Amino acid sequence: MGRADPEEGQLPAPVKPPDGGWGWIVLFGCFVITGFSYAFPKAVSVYFKELMKDFHVGYSDTAWISSIMLAMLYGTGPVCSIMVNQFGCRPVMLIGGLLASSGMILASFTTNIIELYLTAGVLTGLGMALNFQPSLIMLGTYFDKRRPLANGLAAAGSPVFLSSLSPLGQVLLEKFGWRGGFLIMGGLLLNCCTCGAVMRPLDTGMKRKMEKAQDKYEAKEMLPMGGKSEEGISTTDGTKKAKKAKKKPKKGKKLLDFSIFSNRGFIIYTISKFILVLGLFVPPILLVNYAKDTGVPDTEAAFLLSIIGFIDIFARPACGMVAGLKWVRPHVAYLFSFSMLFNGLTDICSARASNYTGLVIFCVFFGISYGMVGALQFEVLMAIVGSQKFSSAIGLVLLIEAFAVLIGPPSAGRLVDALKNYEVIFYLAGSEVVLSALFLAMATYCCLNRGKKTPPPEKNPSAGGGSDTEEAESDVQEAEEHSSDNHQPAHGTDKAMVAANEEANHVEDEQSGEGGRCPEADGEVLARAGCNADQTVERDSF
């Protein structure tokens, strides 16, 4: 009673996340996908100098390659959400791996910068988007209690791959040129197909078992009269079958849920992320070229990204563990704000670094703060909207962030071409990140926390997860044991049901004639008082 029927427009109860088991394999696949998705656009910057010479273009033109990759990663979010809701995560990821690989392979044969935009930018970016978003959805499906730690470990794929792909790209550039490097990188991206193959959806058998136990639990509550509970179960099943026959065809599943825009927390998060992305990716994209312009050798300049990646490897899992603490997890939004503030201040304080030592110090602190942001960004979103709406929420958030990605790095590259000064770029990027941190903290405190002063509602017994199922199953076992003691032949059961119905109708006629009314009470008390059980069911169903 009081439970939502999944067929009345409600989503069925999700399967309880295992928080382990095959989830660790899914976590490893998400680790690899996250590494390629975030590290690849930055690692490609190693080839920018050679591309500028071959195609006779400037900083802003080559920066568009990374920007288009990131824009496709973000901008195709709603398309990915629709495809995942329609076809599932595994097929979408397999197609994405093929697209990402073919994009880099075709890019090795390009003859101008426009063709490079279409192949390495659009095609590869789209392929990585079709891998990245489904992997996060699967991670949220397999983990709940350990989700902050799982998000931190998966996010560590970005620095691990950044610290390896950047030096690898430099070696490939020196031995095979940028065309050979792109060809080999395309082969590496085929590993995304392997990661997609391990994204096995959770078994729905447990979900069906939960629904069956729930139906029996409802029947026992409706007719808690000893041996008649078994008859009530069979009657409930027959009634449900009749309802299904009369019901209209079921509406299809929503491909994209726009109702999340009614969530104030989601609106605040989206605005903050838009401001954040304007400046977050600018320093690592321009760092290698900045170091080369200051006289740092090419190999040492590429090593700067490896330093960021190495620090980031430890920062993300550590931050995920901190976010999973009982006294921190309810306030994870403020921890996310602190990480953004730390990152922005790092950019501002390191704007005047003009030698290799200063750049190394900047990379250390940037790696820590960048790792904290990377570990918390999707954990905060999952905490705001929940796992059921996460597939739609992340698609819409990434679409909005795509506009910021298209504005940030290209604008920074154009300013570099015009001013020949990187100091202004670091000040500007850091200010944008600090602004996003302050907005998130203040808006969360003013708009969300003050609205929680009202006393919490009473605990709903139907809102649980596995505990409700266990209670339902135990109640069903008790009902079955009780009914087995009073078991009668089939024809005797039918006669008992007919007699019970006639008696109930007689009592109802007497009460309606006297103008009496059944008291507001539990089903069992009503049965003792002589009230009609059908009235109880009808009242509770509303």
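Note that Cβ sites are derived from N, Cα and C of the backbone, with glycine treated the same way.
Feature annotations, courtesy of TrEMBL:
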type     : residues : note
TRANSMEM : 21-40    : transmembrane segment
DOMAIN   : 23-448   : domain 'Major facilitator superfamily (MFS) profile'
TRANSMEM : 63-84    : transmembrane segment
TRANSMEM : 91-110   : transmembrane segment
TRANSMEM : 116-137  : transmembrane segment
TRANSMEM : 181-202  : transmembrane segment
REGION   : 227-246  : region 'Disordered'
TRANSMEM : 266-291  : transmembrane segment
TRANSMEM : 303-325  : transmembrane segment
TRANSMEM : 332-353  : transmembrane segment
TRANSMEM : 359-378  : transmembrane segment
TRANSMEM : 390-412  : transmembrane segment
TRANSMEM : 424-448  : transmembrane segment
REGION   : 453-521  : region 'Disordered'
COMPBIAS : 468-478  : compositional bias 'Acidic residues'
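Counted over residue pairs 6 or more apart, the CB atoms of the transmembrane segment (63-84) and the transmembrane segment (390-412) come under 8 Å in at least three pairs, which marks the two as touching. Between the transmembrane segment (390-412) and the listed ranges 91-110, 181-202, 266-291, 332-353, 424-448, the one holding the most Cβ pairs under 8 Å is 266-291. Only sequence-distant pairs (6 or more apart) were considered; of these, at least three Cβ pairs between the transmembrane segment (116-137) and the transmembrane segment (21-40) are under 8 A, so the stretches are in contact. Only residues 6 or more beyond the boundaries of the transmembrane segment (359-378), in the same chain, are considered here, and those with a CB under 8 A from a CB of the stretch are 38, 136, 151-152, 155-156, 158-159, 273, 276, 280, 283-284, 287, 290-291, 294, 296, 304-305, 307-317, 319-320, 323, 332, 335-336, 338-340, 342-343, 346-347, 350, 353, 394. By the Cβ criterion (under 8 Å, sequence separation of 6 or more), the transmembrane segment (332-353) is not in contact with the transmembrane segment (21-40), since fewer than 3 such pairs are found. Computed over the domain 'Major facilitator superfamily (MFS) profile' (23-448), the whole-number mean pLDDT of the model equals 82.
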